[in-house]
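Colleague: Mind having a look at this structure? Questions to follow.
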Amino acid sequence: MVNEGRNLEERDGTLEQQSATPVDASAPAPPAIPTDPSISTHPSVLAHPSVSAHPSVSAHPSVSAHPSVSAHPSVSAHPSVSFHPSVSANPSGSAFPSTFAHPGDLTQPSSSGREDLSTIKVSRRRWAVVLVFSCYSMCNAFQWIQYGSINNIFKYFYGVSAFAIDWLSMVYMLTYIPLLLPVAWLLEKFGLRNIALMGSALNCLGAWVKLGSLKPHLFPVTVLGQVICSVAQVFILGMPSRIASVWFGANEVSTACSIAVFGNQVGIAIGFLVPPVLVPNSKDKDKLAYHISIMFYIIAAVATLLFILVIIVFKEKPKHPPSRAQSLSYSLVPETSYLNPIIRLFKNLNFKLLIITYGLNTGAFYALSTLLNRMVILHFPGEEVNAGRIGLTIVIAGMFGAMISGIWLDRSKTYKETTLVVYVMTLVGMVVYTLTLPLQHLWIVFITAGTMGFFMTGYLPLGFEFAVELTYPESEGISSGLLNVSAQVFGIIFTISQGQIIENYGTMPGNIFLCVFLALGAALTALIKADLRRQKANMEFPENKLQEEEEKVENVEKADNVTSKAPTTLSEEHL
């Protein structure tokens, strides 16, 4: 047992230097352990490897304790016991603000993992990962909107109501709600790569199932294929912020998240543009079946190729954490109860406000995308192709908005201000679009719809990134998933309500209905407090500070290697 009263004393605030003598292998372990002044030792600390530290003991980042440690400089600490530089042994004082960590969340990684956690480095593979994800997200989004963009043609081919075709889009929203929590649990349990494989595989399967629905009486088969694709979507929508955090550096995460969301928007854009071109309006059902089969075969081939690419390219995570915040997140013990993070998130007032505002904005976008063909056809009969082009304009403009917003966030970190400005401009764009649609000038509709889309669709990655900032260090998959649940719920409500209003009263009242809720969302956004927790973690432990600490440790190790050849006095600087 270590005797704290023997050979240890402090003089003038410094340690008494001890002369090191050669250690006899047969002799008992030296009775004293040189310590840093900042380390206090409790009598209950044992020499056995199962030693447990008293809560009052704080650990110096470079010091690890083991009974074999002596004053002799050639004797080093046992490699199996180390302390992460950012982790304090005192439960009352964490390495970053207490709002980030919960009791029992922090762990002390082994020295084998310490090197990986201490090295902040981005991987070259990160761009391939986000690109492949964007591509299969694009494929899945195309399958969501491919029916709605030519609603009237599929309505005639299958002999069903327009509302039934609307449900082929709304099934994506409906499926997401009950499956969010199981899929989020799978993400935490099996990791990023396995979820990516599941999502791309289901997307591929759904595309092939639809090829069995090329007869007018086989509408249930196309519903089955769409349901499978909607399940795949659950494995896709919550991943952009997770991929950005795991693979990209602190100054790239918002841009990376925008790129990941960008793929989904490209898919919606292609879904507006391609179906009206591949499937022209015709009264010959055999001819329609032929053109529909071409579209289904193309999308099935693309989905299969992307599934193969996911198998080859997608990895769980890079060798080294890309940012300090991500390194700290690796030091958190996984939750044993899956409901605890959700309960904590719902105690976060700012995040609850963001859930509502995100749902209102994105739900309005879902409703507009689903019902756009019907609205344009009412004012411009026979303009199915231009209806698709208007949808394309909305999404393309939104992609530029998303990219610009992501780059701006990485540079300015003004999450609250940017989100509020984009939300208000979304409302303004929606009002202008509502007023100009009945004017019977198609070119004006293109301009106003594009302006609205620039802000409305550009808001999507902003919401994801703002949520991660407000909820760090909670899982990005859970926060993104809850945002998407809100979007799906409001999407279903808005689609059904606006569809009925348009059918009974016209497009103007239907669009005013959305304007009212967007105004509510803008007001609630102004109430959100910018509690940027992830940014605080990055500022608390910047990468250059970590590199300086690493250099000091390396210098100490080199000095130890040199002095280990002969007995010498252990200086305070070494400690």
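For all residues, glycine too, the Cβ spot is worked out from N, Cα and C.
According to TrEMBL, the protein carries these features:
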- 1-14: compositional bias 'Basic and acidic residues' (COMPBIAS)
- 53-73: compositional bias 'Polar residues' (COMPBIAS)
- 543-560: compositional bias 'Basic and acidic residues' (COMPBIAS)
- 563-575: compositional bias 'Polar residues' (COMPBIAS)
- 129-533: domain 'Major facilitator superfamily (MFS) profile' (DOMAIN)
- 1-73: region 'Disordered' (REGION)
- 98-117: region 'Disordered' (REGION)
- 543-575: region 'Disordered' (REGION)
- 127-147: transmembrane segment (TRANSMEM)
- 167-187: transmembrane segment (TRANSMEM)
- 194-211: transmembrane segment (TRANSMEM)
- 217-241: transmembrane segment (TRANSMEM)
- 253-274: transmembrane segment (TRANSMEM)
- 294-314: transmembrane segment (TRANSMEM)
- 349-368: transmembrane segment (TRANSMEM)
- 388-408: transmembrane segment (TRANSMEM)
- 420-436: transmembrane segment (TRANSMEM)
- 442-462: transmembrane segment (TRANSMEM)
- 482-502: transmembrane segment (TRANSMEM)
- 508-528: transmembrane segment (TRANSMEM)
Colleague: Under 8 angstroms, Cβ to Cβ: which one of 167-187, 194-211, 253-274, 349-368, 482-502 has the largest number of such pairs with the transmembrane segment (388-408)?
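Modeller: The stretch with the most close Cβ contacts to the transmembrane segment (388-408) is 253-274.
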Colleague: Determine whether the transmembrane segment (442-462) and the transmembrane segment (482-502) share at least three Cβ pairs under 8 Å, counting only pairs 6 or more apart in sequence.
Modeller: no
Colleague: Mark yes when the transmembrane segment (508-528) and the transmembrane segment (217-241) have three or more Cβ pairs under 8 Å (sequence separation 6 or more) and no when they do not.
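Modeller: Counting Cβ pairs under 8 Å, fewer than 3, so no.
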Colleague: Along the domain 'Major facilitator superfamily (MFS) profile' (129-533), what average pLDDT does this model show?
Modeller: 85
Colleague: With the transmembrane segment (508-528) as the reference, which stretch in 127-147, 253-274, 294-314, 420-436 has the largest tally of C-beta pairs below 8 Å?
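Modeller: Going through each listed stretch, the top one turns out to be 420-436.
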Colleague: Go through the chain and flag residues at least 6 beyond the ends of the transmembrane segment (294-314) whose CB is under 8 A from any CB in it; none is fine as an answer.
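Modeller: Distant Cβ neighbours of the transmembrane segment (294-314) are 125, 128-129, 132-133, 135-136, 139, 142-143, 146, 192-193, 196-197, 200-201, 203-204, 206-208, 210-211, 214, 274-275, 278-279.
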Colleague: Contact between the transmembrane segment (253-274) and the transmembrane segment (127-147) is defined here as three or more C-beta pairs under 8 Å separated by at least 6 residues; is that satisfied?
Modeller: yes
Colleague: Who are the long-range neighbours of the transmembrane segment (253-274) in its own chain, taking Cβ under 8 Å and residues 6 or more past its ends?
Modeller: 126, 130-131, 133-146, 149, 236-237, 239-241, 243-245, 247, 295, 323, 369, 372, 387-392, 394-396, 398-399, 402-403, 405-407, 409-410, 457, 460-461, 464-465, 468
